[in-house]
């Protein structure tokens, strides 16, 4: 059976054929609003399922941007890999088809997408702690430090994901820093964007970060970890959509999440700033303490007991993460796939002000990331000069 894009009826027939539902009455709907996939919610009695099928192109561009369907298999493999070490934070996978590029997984509709929930004023008191634990566990347990270099290389071969890595390389590390067709620059930001495009130091540092992304295979990454890829409630957190998964630098997922916590402050900056900074604080401290505990208990690194080594590893992760966060702040402000955190600010004057802030904060994090050896340095990180220029 070859690939074809599913209709709602196709989705129902697949889950029924697989024995995941019986012959009882079924309701189903297409709910996907992403750029790369079809997503169907299927309910039969008390059983609720999600069927996600990859498309062979990016919907935002069309068939002129073809994509390999292999990413669907990579995504389900990553979900299963992450579930081995962080099961409370990963949806259960019931079935996957490589040929038809679909995965059937648990329905999470009892939770809300974090980005939308935050915009509606929802509170997620455990989110930062949960994601800190999730990333510490998924990154540590898929790294050389936990499984050794031979086993890691064998695992990494399963996550060769060139199409989606190419998207990241272009949309995060290249296009926002040049006059690219994919950019979406709001009128009134031209002077700020010119400042970025003409900043030689900034471009040099972005090039270094891109080189890290391309060449440094520390651990299995989610690859696209933002608040739109997380379902949560006050008590529960689930991370979805790891179709960008590949072996890359520890700091990338960490930086992506930090960037989107910054974005989550912008809809009501004066009120939310301190709350989001506290979230970043909780996230990093949970990540660092969990990673360090796993290292001390389970690392197979020959020099694992060398004085200060794990602290040096965490310092490097933090610095890289801040640089990657800066790139994401700039990309999501003027590049492809803008964030609702900024776009839904109705007052155009305020919206432009917040976008300028995001661009300057991003540039400052990129250029000055090496000032932060520890999280105490980040707490004291002063970008007043950049933000006031």
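Each residue's number is its place along the chain shown, starting with 1.
Using the three backbone atoms N, Cα and C, a Cβ is placed for every residue, glycine included.
Record features (Swiss-Prot):
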type    : residues                             : note
BINDING : 37, 52, 106, 107, 108, 241, 242, 243 : ATP binding site
BINDING : 224, 331                             : substrate binding site
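Mapped onto this structure are the features recorded in Swiss-Prot.
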residue : record                 : Cβ neighbours (10 Å)
37      : ATP binding site       : 20
52      : ATP binding site       : 24
106     : ATP binding site       : 14
107     : ATP binding site       : 16
108     : ATP binding site       : 18
224     : substrate binding site : 18
241     : ATP binding site       : 23
242     : ATP binding site       : 27
243     : ATP binding site       : 28
331     : substrate binding site : 26
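In the three-state DSSP classification, residue 52 (ATP binding site) falls within a strand. Note on proximity: of the binding-site residues 106, 107, 108, 242, the one nearest residue 331 (substrate binding site) is 242, by Cα distance. Residue 52 (ATP binding site) sits 17 Å from residue 224 (substrate binding site), counting Cα to Cα. Counting only the Cα atoms, the space from residue 37 (ATP binding site) to residue 224 (substrate binding site) is about 15 angstrom.
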